[in-house]
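Chemist: For reference, the structure I am asking about is given below.
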Amino acid sequence: MDNHTKSFSSLLISLWFTALLILVEMVSCARQHRRSFLAKEADLVTNLPGQPDVSFKHYAGYVPVDKSNGRALFYWFFEAMDLPKEKPLVLWLNGGPGCSSVGYGATQEIGPFLADTNEKGLIFNPYAWNKEVNMLFLESPVGVGFSYSNTSSDYLNLDDHFAKKDAYTFLCNWFEKFPEHKGNEFYIAGESYAGIYVPELAELVYDNNEKNNDLSLHINLKGFLLGNPDISNPDDWRGWVDYAWSHAVISDETHRNINRLCNFSSDDVWNNDKCNEAIAEVDKQYNEIDIYSLYTSACKGDSAKSSYFASAQFKTNYHISSKRMPPRRLAGYDPCLDDYVKVYYNRADVQKALHASDGVNLKNWSICNMEIFHNWTYVVQSVLPIYQKLIAGGLRIWVYSGDTDGCIPVLGTRYSLNALGLPIKTAWRPWYHEKQVSGWVQEYDGLTFATFRGAGHTVPSFKPSSSLAFISAFVKGVPLSSSRVETN
C-alpha cells in the first residue's frame, strides 16, 4: 500500500471516528432531552381543584437538593401567559424565616390563582405577574410548606447559608428539568426575610458564574427585586422603632427610653435587659393591631395561628429568643386569608394534583413553620456588602416598600440604603399608575428605591395593578412613570 493510499485510509478512519463521536453525542443529547421532557411533563398540573380555566401551563412538584439525606424542595412554576420561551424568569421567595412562597406569593399576591374566601377554590388574578414573566415559586428551606428532608438533623442546621446553598442546588437541578428556560433572563425576587435570602443567593449565582468557564453552567442572572426587606439589623431596628413613634403607635416617653437604652449601632441590639424591656412596650402596642398593615382590621378568628400570636409564648419569645422580627402575622387586605389558604392546601385532592403527596399519605401543610422561625441561626447581620458587590458587578437592583407596614417599615429600609452612600442619579419624585400617585421613587447609581402609597407588608396584595406595572418596568429596565398622562 503506497503512502497516498495509507493517508487516505487514515483520513477515512478519522472521519469515521469523528462521525461516530458526533452520533454518540447526538444520541446522548436526545436521551437527556427526553429525560428532561418526561421529568417536566410528570410535574404538569392538569386537574387542580377549583382552578379557573387558563391557556398557559403550570407545573409543580419536588426537586431533590441532597439525595443522600433525602432532601427536596417544592416548587410551583407558571409559564408566562404568552411567549414563555422569550419572557424573563423570576424566582420568588417569601421570608419568615419559615414562611411559604406558595401560601403567600403564589396564592395571596402575584400568582395567577388567588385563594377564594369560600375556602374551597381559587379565583383568577387579573394582575398576576406571569402576564409579564415566567414565575417560579419556591418553598425554602426544607420544613417550609411541602419541602422536606428525611434526615432530622437537617432541621437543626438551618441557617442563612444552608438556605442559599440548597436554593442554588435547586436552581441547577430545576434548569436540567426545564432546559428551555436556561437562556432566559433570570431575576430573583422576594419580600420580608427574603431580603436576606435573595442577595445571598444572587451572590452565590454571581460567584459561580464568575468561576465557571463553561457557559453551559452559567445562570443568566440579571438582577434582583426586594419588597419591604430585611437588609441591615441596626438600621432595620432603628427604623422599626422610629416608624412606630412617627405613626403614633408608641409614646414619646417610650421612644426616648428605647433610644437611651438600646445601641442601634451594634450588630446585637438586644445586649441588655433594659433595652428588651423598653422594646416590649412596642410589642404591647402592636399586639393590638395588624403590624403588617397599620390601617387594616386584625383577624379575630379562632385559628391556631391567631391563638399563637395572642399567646404568652409568642410575646415572650419573639424578640428575646430569636432576636429578629417575627414572621408575618395576618397580612393582606383580608387578614383572615391565611386560614383559607391552609384549608385549601391540606385537601387530599389538592395535594395530589400538585404532586405534593399521593393524596393518601398527606403532608401537614402550614403557611409558616414557627419551629423554623424560633430555631433559625441568623448568620447574616447585613447584606449591604452584597449590594455593593453586585452593583459593581452590573446587576439591576430595585427595592420597594409599602408605606403602611410596621414590621419592616419604609423608614428602616431608607436608613439601610442610605448607609450605602450611593450617588443620586434621579431625585426623589412621585411615580404614577392609572393617573394617580402610586408612591415615590429615587434612582441611585446602581439601585432604584420606590414606595407604594397605602400598601402594607405584602405590597401586591394591596396594590395589585401598580405592582404589575412595577415588575414590568423592572424587567424591562425602564423608569417608573413620571406623569399622570398615560402613554401607549
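All residue numbers here begin at 1 and follow the chain in the order shown.
Placement of Cβ uses the backbone N, Cα and C atoms for every residue, glycine included.
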Chemist: Can you tell which of Cys262, Cys299 is bonded to Cys275 by a disulfide, based on Swiss-Prot?
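Modeler: Its disulfide partner, as Swiss-Prot records it, is Cys262.
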Chemist: Identify which of Cys29, Cys99 is listed by Swiss-Prot as the disulfide partner of Cys368.
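Modeler: Disulfide mapping in Swiss-Prot sends Cys368 to Cys99.
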Chemist: Which ones in the same chain are close to Asn263 (N-linked glycosylation site), with CB under 8 Å and 6+ residues apart in sequence?
Modeler: Val269, Asn271, Cys275
Chemist: Most Cβ neighbours within 10 Å: which of the recorded positions Asn150, Ser192, Asn364, Asn375 is it?
Modeler: Ser192
Chemist: Round to the nearest Å and give the CA-to-CA distance linking Asn364 (N-linked glycosylation site) with Cys262 (disulfide bond).
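Modeler: With distance taken Cα to Cα, Cys262 (disulfide bond) is 40 Å from Asn364 (N-linked glycosylation site).
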Chemist: Out of Cys99, Asn150, Cys262, point to the one nearest Asn375 (N-linked glycosylation site) in space (Cα versus Cα); all of them are recorded positions in the record.
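Modeler: Spatially nearest to Asn375 (N-linked glycosylation site) by Cα position is Cys99.
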Chemist: If you count Cβ atoms within 10 Å of each one, which of the disulfide-bonded residues Cys262, Cys275, Cys368 comes out on top?
Modeler: Cys368
Chemist: I'd like the Cβ neighbour count for His457 (active site), meaning other Cβ atoms within 10 Å of its Cβ, all protein chains included.
Modeler: 28
Chemist: Which recorded positions are spatial neighbours of His457 (active site) here, meaning Cα within 10 Å, out of Cys99, Asn150, Cys262?
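Modeler: Cα filter at 10 Å returns nothing.
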Chemist: Taking the Cα atoms as reference points, how far is Cys262 (disulfide bond) from Ser192 (active site) in Å?
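Modeler: Answer for this pair: 23 Å between alpha carbons.
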